[in-house]
Amino acid sequence: MLKYILKRILYLIPILIGVSAIIFALKTVTPGDPARQILGNDATEEQVQEKRDELGLNDPVLVQYVNYVGGIVTRGDFGDSYRTGEPILTEILPRLLTSAKITLGAVMIGAIIGVLLGIISALKKYTWIDSVVLVISMFFQSVPEFVVALVLIMILAVKLHLLPATGITTWQGYIMPMLCIGLSAVAGYTRITRSSMLEVLGEDYIRTARAKGQSEKNITYHHALRNAMIPVAQSLGSNIGNAIGGGMVLETVFGVPGVGKYIVDAITQRNYPGVLGGALIIAIILTLINMIVDISFVLIDPRLKTTIISGGAKKMPKKMKAA
Amino acid sequence: MSENILSVKNLVIHYETDEEVVEAVNNISFDLKKGEILGLVGETGAGKTTTALGIMGLLPTRVGHVIQGSIELDGENLLEKSPREMRKVRGKKISMIFQDPMTALNPVKTVGDQIAEVVLLHERCSRAEAMIRAQKMLAMVGIVPERYKDYPHQFSGGMKQRIVIAIALACEPELLIADEPTTALDVTIQAQILDMMRKLQKEHNTSMILITHDLGVVAEMCDHCAVMYAGELVEYGTVEDIFDNPQHPYTVALYKSIPSLDKDVDRLHVVPGMVTDPSNLPSGCSFSDRCDKKGDMCNKHEAPGIVDLGNGHLVKCLKYKPEVEEK
Amino acid sequence: MAKIHTPAMEKIEKRNAKRKKPVKSTPTTESWKRFKRNPTALLGLFVVCILILVAIFAPLIAPFDYQKQDYASMMQAPSMKHLFGTDQFGRDIFSRVIFGTRYSLVIALFCTIAAFFSGGLLGIIAGYFGGIADTIIMRIMDVFQSIPMIMMAMCIVAVLGNGIPQLVAAVMFASMPTMARSNRAAILRVRGSDYIESSEAIGVGQIRMIIKHMIPNAVGVMIIYFVGFLAVSIMMMSAMSYIGVGLSAPTPEWGLILNDGKAYLTSAPYMMLFPAMMIMITCFAFNLMGDGLRDAFDPRLK
């Protein structure tokens, strides 16, 4: 088991190198001269050249890349903001906490409600409850979160004055952003739980359990649920990814000072180190979350445990790859 | 030994979907005596598994319907029981072994848990006692009891079928239904499993319905044999009756299709045509399209009734009802 | 012993009697039959058809020029003259939304086609050839996937600048991992099936195999992805232009119309309501249709 975790951590390295390479590639093709951007239009050509030397922009690309990654690994240096001159990391860290609170909280709550709804929907297959749940979850899964957010603001804030339209200075401010992320998480989890549950309930071992005289309730909770949870748990990583992506726009809509808004602001202000540094930090976090999800799988599915402990399978099991 | 443990009368089962109605089981009746083994033989789609599921009360919900008939176990009609009462029967009085052991076990539960589950459901005992019982059952089917905490994927196909058998026998049921228990296994393992099943059946004096399409297995294991075709019971009798003196043209055709060591033949005999589509049965005798002894009356007359040829050898064919042909 | 008739049988007989002649049963007609029975899918198809018609006949439907600024009628609430009201430049929002259908659908279509020709093709190659090609492609896709799709698209647009080609390129790159993954899975499923093995056994050539056997069998799944991705592109595009990256004014794209109304959310909420509705309806309709297609092509999944 320990060996597997170690292997998974080692597996992070190529991914992070790849992600940083993509980000770095974007950085180098970015239009405009960073030195000029930092110094402003008044600076002389010499000053700009000096700054370029200082920033290492005159070095070969590969050297620049090694320095960039080296800076991240040794000093946590993702570059400085063009706008404030502050290191990106110091600017992002406190915002990360805000985003994490909202995103993780909403996804977790959404997952619990979604799984419950999915089970109900699967058990009441082909009844009106199932149809209603299905259509509503389809709606919230297909409609962009920021549009839902806008409509919610129009109704709850502008019309009814129940909640503040923007800002998270009071606890009420958290409700709408979390609701938007939560609704789409509920929708996603409902649908995946339902289809997974239906598939599992058709399996032969469910028939075996019935043949034993087991009650439907126990069959659902003891036999079906644990098997059905495997694809559901697998989707956690990608769901958090989606929530972070959707959160970028949502934070802008609601004026939440999170990472998403930081990146969006950086984009509109042409603060490229902010954009790319932010994206890289998010990518690192997501990769870590995915790793944790993969590892926690092994605890749910004994089939994976044996393949991993025995080390029989050189390649990762197919199911893991899909995660 | 003469007491009937199971008595199926005029059983009709249909599968109803929006598109069509499949007449899977058409009016079959048979009895099973205590301690006996009944072989249920027929081609794929003949309604063997449906009959078994009907007895278990496990027909697919919403689709499978028992239209008429009765299934009596120890004199009690199972069809009149509530789902709750049926749950007490399943696993305790009747058990079933399914065709494919690879998928019949829950992949995320240990085999010990899965055997203990049925014990806990039907017998008053603690978890620890149930676990001990599970280990005993494993030993009984020839698996090292210490493996009770292993998961299904750690066992081979034959071993899994042994575990399924252990689950089925854990509560010493009166009736065991085995639905093609060896079809999915290697030939070498098949014999082992069948030997074990017969040994256990004798030891516990369990009655058994053995569903198979392998006539050799029937000859080896069964006391009585029922041949099914298109949801009907076309011939029923003791194994001796059926094997030495087959009467229905379908049974005769089935025998001709078995390779024989004694006779030297170039080609095996094939029953002509395809299995009749049970959603679109012909009028009259279902087998008439493929029958080589077909007479003029076979399609015109209503489906033939059952004729007793004496000492319980039943045949469903117009050949044996001369009065009909004279009409 | 007479055959037993049940109510269910009678019902079916009655229905069959109504049908004039039996329809030839091919996989396509079977799929269509299943699709027809699904009311939500039909609704989705209906709405999508209307949207396409609106996009085609936009100039005939829209009462005003979507670009024409009319300072005499600024910020008017919805009325008979201006169905959805007017914006801060006096432009008719109804006309803008109608033309927005055209822009949104066409750009989404470009994005989807581009995504299929890049990521989709990579996935097909990875799935068909397997081995090293598969490993390399999928590892690279793993890397791409660790950045959320919309964030990736925004980063690319931030670097490339605004404009339709840039937007299409951004969506294409961002969607590459998802596209590659799903198309690879579709090909793998077909590739693993017995009929491919048997055609391999009788010596069917590789090209012929792909064209004659694999694509026709995988095409159902690919259509589903295609329709699904149209909705995803509209989602991403509108989100990006709402924030102000990707497309720039005065293109009447729905997200941009929302962006225009952003400042007037409290005073003139109608400015955002109608384009928001259009985005909702469109995404929902495409998904309903896509879901219906999935059930129709692959009834096992239902």
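Cβ coordinates are placed from backbone N, Cα and C, and glycine is handled just like the others.
The region 'Disordered' annotation in TrEMBL covers C:1-31.
Here TrEMBL flags C:41-64 (among others) as transmembrane segment.
Annotated domain 'ABC transmembrane type-1' per TrEMBL: C:101-290, in sequence order.
For C:105-129 (among others), the entry in TrEMBL reads transmembrane segment. Outside the transmembrane segment (C:105-129) by six or more residues, the chain places 51-52, 55, 137-138, 141, 164, 167-169, 171-173, 175-188, 191, 210, 214, 222, 225-226, 229-230, 233-234, 236-237, 247, 253, 282 with a CB less than 8 A from a CB of the stretch.
As annotated by TrEMBL, transmembrane segment applies to C:149-174 (among others). Outside the transmembrane segment (C:149-174), and at least 6 residues removed from its termini, the chain residues within Cβ reach (under 8 Å) are 107, 110-111, 114-115, 118-119, 232-233, 236-237, 239-240, 243, 245-248.
Among the features that TrEMBL reports, transmembrane segment is placed at C:218-243 (among others). Remote same-chain partners of the transmembrane segment (C:218-243), defined as residues 6 or more beyond its termini with a Cβ less than 8 Å from a stretch Cβ, comprise 31, 104-105, 107-109, 111-112, 115-116, 120, 149-150, 153-154, 157, 167, 171, 174-175, 179, 182-183, 186-187, 189-190, 251, 253-256, 258-259, 262, 279, 282-283, 286-287, 289-290, 293-294, 297-298.
For C:263-286 (among others), the entry in TrEMBL reads transmembrane segment.
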Residue numbers, six or more beyond the limits of the transmembrane segment (C:263-286), whose CB comes under 8 Å of its CB atoms: 43-44, 47-48, 51, 75, 77-78, 84-85, 87-88, 93-94, 96-97, 100-101, 104-105, 227-228, 230-231, 234-235, 238, 254-255, 257
